[in-house]
Amino acid sequence: MGLLSSKRQVSEKGKGWSPVKIRTQDKAPPPLPPLVVFNHLAPPSPNQDPDEEERFVVALFDYAAVNDRDLQVLKGEKLQVLRSTGDWWLARSLVTGREGYVPSNFVAPVETLEVEKWFFRTISRKDAERQLLAPMNKAGSFLIRESESNKGAFSLSVKDITTQGEVVKHYKIRSLDNGGYYISPRITFPTLQALVQHYSKKGDGLCQKLTLPCVNLAPKNLWAQDEWEIPRQSLKLVRKLGSGQFGEVWMGYYKNNMKVAIKTLKEGTMSPEAFLGEANVMKTLQHERLVRLYAVVTREPIYIVTEYMARGCLLDFLKTDEGSRLSLPRLIDMSAQVAEGMAYIERMNSIHRDLRAANILVSETLCCKIADFGLARIIDSEYTAQEGAKFPIKWTAPEAIHFGVFTIKADVWSFGVLLMEIVTYGRVPYPGMSNPEVIRSLEHGYRMPCPETCPPELYNDIITECWRGRPEERPTFEFLQSVLEDFYTATEGQYELQP
């Protein structure tokens, strides 16, 4: 275990179609096109784009039309592409003859690896590990992806069970001059499909016999850009998830078919204008590690609608039976995901101001996203807390406690406390100390000691660096993301040896 040389590497400053047999896949679709790209509302044209070559694709997944200009398709349905501009393609179904728009990442050419349920073309090594380590994937679950380091080559990633717990092992798939493939030179295959078929019958030197392709949950439905302010009757509140400083949070449904989280304003704690300001900040910040904002109801009681995260907040999850059994590498990877989201906030010249485990949400696949931007603000250089504003003392940097001045460096301090929450499986920071005692102790240079469950390298090289007294001496989130992602790779080989 240890750190790579990330400190030196990262700045502190931060065609024609013919009938074929289609094998459709069961894995979940990739994310739908972003909110900012919703130009597919232009009326469908009855004629094909003159510059568009005649092209036929197959639907990789079901797509339910959201608007009357969309084309509803079923997995395996063949389509003719009429226009392929941007993230939305105009297509005609060869089954129904209807025309409309479909997300471009929901279709693929009829003769392509994309129709194989085990093929994840552009997924990174790190995300491949995260997906394979999800609870629904068992030992032997696998995927094939394009190599990040060798363009045109492929890698096989397999979930394994060792004495250290669940791990993912990676194998290089090498190409032959005649177009074949191999992992071990003693046996070659004409296609990737043949390679998968062989290692699915027997492991033949791999860590596990290949069992099932890596699975994902169904994707979230598209949310159209023009559905920002929505009618209250389009929402159904089903189950109360909790309450906070600004209101309650419910699990519910939009238009009876899309599961969402709905945050309601608690009257008297925040003006409608401030609540809508929170929503507008969230709307401008879009990243895969940030909980996504979908819409708002602007008439009181005001609602804010976001994506639903099935496992709830990280603080509560760490205290469950499943959470308490998470290995240290999984905990550090969760920390890296939070740092990735905060690095985006840092690049966007914004701050969070309430970063703690209670405001990190966990998905069904145990991916973490940053939530609750009620206190985040777009800033020039710093945001001064308004008189009377509340903030959690045990997570707050000294300069913010004493002077009410918040910068991204105050978020870095909070991140150090968040790391302590994670490695102690949700223990309250500064156990046994009151808020005034914490303030006095920090003034005299006190810092929480290294827990027994925390590696010294993590505590000395990362956590305590976040707690530097001078804000400018604290690391950037870019740096923190880098060292946390690399924490366990310094002593690991990038690939398994040839079987």
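Here the Cβ of each residue, glycine as well, is placed from N, Cα and C on the backbone.
Per Swiss-Prot, these features apply:
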LIPID     Gly2  N-myristoyl glycine
DOMAIN    118-214  domain 'SH2'
DOMAIN    235-488  domain 'Protein kinase'
BINDING   Leu241, Gly242, Ser243, Gly244, Gln245, Phe246, Gly247, Glu248, Val249, Lys263  ATP binding site
ACT_SITE  Asp354  active site, proton acceptor
MOD_RES   Tyr383  phosphotyrosine
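Every protein chain shown contributes to the tally, and the Cβ of Asp354 (active site, proton acceptor) ends up with 23 other Cβ atoms within 10 Å. The separation of Gly247 (ATP binding site) from Asp354 (active site, proton acceptor), Cα to Cα, is 16 Å. Under DSSP, Ser243 (ATP binding site) is assigned to a strand (E or B) in the three-state scheme. All protein chains shown were included, and the count of other CB atoms within 10 Å of the CB of Gly247 (ATP binding site) stands at 21.
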